[in-house]
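Below is one structure, written out as structure tokens; the observations come after it.
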């Protein structure tokens with residue numbers, strides 16, 4: 001079944017990923033983009049300036065794209081207008097951070113409840129660095145506090161929820177850049193097509209549609225995000241300013257490669273990915289995060305250490321699986337230790353919260369609370385030892 005025309009997309013989060021990655025592809029695919037954003041200044045800028053530039057940087061030079069045909073709505077103060085837009089949108093996307101998804105659910109639920117079941121179902125795609133982010137969002141939307149259970153009987157006529165994996169490095173921006181966004185040329189946006197069943201998938205350039213997303217999500221999270229964060233946390237402890245600077249240090253580069261060798265062992269065995277193919281993927285990732293044009297500060301890449309040390313994230317996720325299988329995960333644990341040392345970093349609330357937890361709690365409590373590991377898991381005692389070591393060093397300082 002064909003989709004509606006003219007095409008309209010609602011995107012939550014007008015940050016760098018929202019403007020520079022998701023909205024760029026939606027615009028190039030002929031959608032009008034309505035940004036849903038809570039920052040008044042950003043909403044005002046988007047509604048005042050009728051275009052902005054997306055600047056792609058790489059070793060082979062720079063390209064610029066101009067984005068137009070968009071509007072912005074303050075999702076906090078103008079909910080009614082946003083509900084109307086969602087009720088008639090073809091696509092609803094977001095890039096707000098996994099922890100914010102629960103706050104989007106009420107307004108999306110209202111928009112979908114107001115939607116005619118005669119329309120093609122809205123394609124809802126969360127573009128977050130988290131496994132199963134769209135499933136998480138869907139659970140919040142369909143919960144009784146947000147949606148009348150009676151509506152769920154034919155909810156597939158209102159919305160199709162599809163998980164995605166996104167991969168693009170967007171560094172901190174020049175403070176004078178305004179709405180313009182600088183990012184790397186490389187990108188990957190993979191979305192599962194199976195939820196669409198008899199409906200046509202949305203016509204969006206840049207998306208690779210697949211039947212099974214899990215290998216793509218885990219390969220990306222456990223290679224790009226693991227590698228990027230490992231470089232940042234080692235770089236921070238060794239007083240490097242950018243990820244590029246960190247990777248010029250042979251010791252740090254070796255630590256990154258060792259961590260990615262361990263995740264490669266997991267990925268190739270678990271998902272049947274060819275070892276040589278994964279090796280080439282790893283080499284490409286190391287080159288990407290070594291891009292001097294990105295000027296990516298270690299503090300930016302390392303921010304939110306509590307999330308990055310959590311159970312399904314880039315260090316503990318793969319390390320726990322490797323440990324259960326009796327495989328080596330020592331480099332991942334060393335990287336996790338560096339993440340535990342990312343404390344009291346200016347501009348990052350989670351790093352202050354981590355410092356407080358490390359100061360006030362017993363090692364076993366820290367591991368269960370921060371990493372979500374249970375004493376029955378093989379990785380548990382090894383992470384307890386890391387926390388003890390970091391706490392001991394903090395007490396000596």
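Backbone N, Cα and C atoms are what each Cβ position is placed from, and that goes for glycine too.
According to Swiss-Prot, the active site annotation covers 220, on the basis of similarity to another entry. Residues or ranges marked as NAD(+) binding site by Swiss-Prot on the basis of similarity to another entry: 9, 10, 11, 12, 13, 14, 15, 16, 17, 18, 19, 20.
Cβ packing within 10 Å was compared across the recorded positions 11, 220, and the lowest neighbour count falls to 220.
Cα separation, residue 11 (NAD(+) binding site) to the residue listed as 'active site', rounded: 23 Å. Other Cβ atoms within 10 Å of the Cβ of residue 15 (NAD(+) binding site) number 18 in total over all chains. By the criterion of other Cβ atoms within 10 Å of the residue's own Cβ, the least surrounded of the binding-site residues 9, 17 is 17. Around residue 13 (NAD(+) binding site), the C-beta neighbours below 8 angstroms that are at least 6 residues distant in the chain are 35, 36, 37, 94, 95, 96, 97, 100. Each residue contributes its Cα atom, and for residue 17 (NAD(+) binding site) and residue 220 (active site) these two points are 16 Å apart.
In sequence order, 35, 52, 54, 67, 179, 181 make up the list of same-chain residues 6 or more apart from residue 19 (NAD(+) binding site) whose Cβ falls under 8 Å from its Cβ. Of the recorded residues, residue 220 (active site) and residue 9 (NAD(+) binding site) place their C-alpha atoms 26 Å from one another.
DSSP gives residue 220 (active site) a helix state. According to DSSP, residue 17 (NAD(+) binding site) sits within a helical segment.
Residue 11 (NAD(+) binding site) falls within a strand when secondary structure is assigned with DSSP.
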